[in-house]
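Trainee: According to TrEMBL, the protein carries these features:
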MOD_RES   K187  N6-(pyridoxal phosphate)lysine
ACT_SITE  K187  active site, proton acceptor
Amino acid sequence: MNKIPMVDVLAWHRPIQKKLEEKAVQVLRSGRFIMGEEVEAFEQEAAQYLGAKYAISCANGTDALVLSLHAAGIGPGDEVLTTGFTFFATVEAIMQVGATPVLVDIDSETFNIDPVELERSITSRCRAVLAVHLFGLPAALNEIQAVCDRHGLKLLEDCAQSFGASYQSRKTGNYGLLGAFSFFPSKNLGGFGDGGLVITSDLQVAETVRMLRNHGSACQYYHECSGYNSRLDEIQAGLLRIKLQYIEEFNNDRRKIAEWYRELLQDTDILCPEEREEHIYHQFTVVLPSGRDMVKKRLAGKGVSSAIYYPLPLNKQRALAGLASEYELPVCEQLSEHCLSLPIYPGMTRGQVESVVGVLVKAMH
Ligand SMILES: Cc1ncc(COP(=O)(O)O)c(C=O)c1O
């Protein structure tokens, strides 16, 4: 059996490889590499696709979060509520603007922040909620917004894993004041290196992010504040413009693969993510009753990749020692020991999904 990786970017890109290569050559020959036509066009096209008034690109998803928090006025002394089960960058961004994360436990079915726990965790210093749409499934935004409204908190969205996912017919990133996206190559809209984006429909916030990403400057060599050097390259923007044209197909492909997994795993004791139309399956993450690490090893032995997102909840991370030792996040801890993400990417075949499931089911016994 051929090896099955978590993401096969070459298979994913095969149908559009020629267009990508032509665009790369076009940008190389243009001689313009920073803040040119491709970036401008990509920002307009991304804003239109996502349904936001403004889209501002930047160097990566972590910066998109930092720029969003900074533009939302979050800083030293403030606390920001977020999930205890996410990639470290979510809390890293909160700490980079000088604020303190408050970790909240998750819902065991969605892997996303639990709105009841969210409300119980609010302190007098909380200024905002940073909701994460983990694995491509939107968090419970209505309930989260209601908590924010009751307590005067700003809502920000970490959409690094949810490009194109909708919640009640609006794309994620539009629900809060700002939405932050990542174009890390494995993401649903994956680039060819690092890249990020902030969306908002608030003009003042958009102008602040635009200034911050370019050294606090709106007009060259005139600086309104101290900012960052966080720009998307022309070549990335050009290539992302091509992939953006196919994002609906890519996400539908992921949905179809998820359906295959669900069908083939239905008579096992492996828990699959529930079928939900808003899910875009950045990851297909199952919950195993026991023996997760052994199963992962057995899969690897048969050439099937799998990944543990995430092996350690944030309250157990050494980087947050002191701060996080006070948190008990039982659902995060339980899922971190039982979750396993299986290969999924546009272009993955039914035969490959059958192979993964065949090996997985055998590995369980
Ligand atoms: C939930 C989440 N937030 C933030 C990030 C950071 O994005 P980047 O790697 O582009 O900085 C990631 C990327 O892995 C992520 O998964």
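Cβ coordinates come from backbone N, Cα and C, glycine included.
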Trainee: Measure from the Cβ of K187 (N6-(pyridoxal phosphate)lysine) and count the other Cβ atoms within 10 Å, all protein chains considered.
Mentor: 21
Trainee: Any idea what DSSP makes of the residue listed as 'N6-(pyridoxal phosphate)lysine', helix, strand or coil?
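Mentor: Looking at the DSSP assignment, the residue listed as 'N6-(pyridoxal phosphate)lysine' belongs to neither helix nor strand, so coil.
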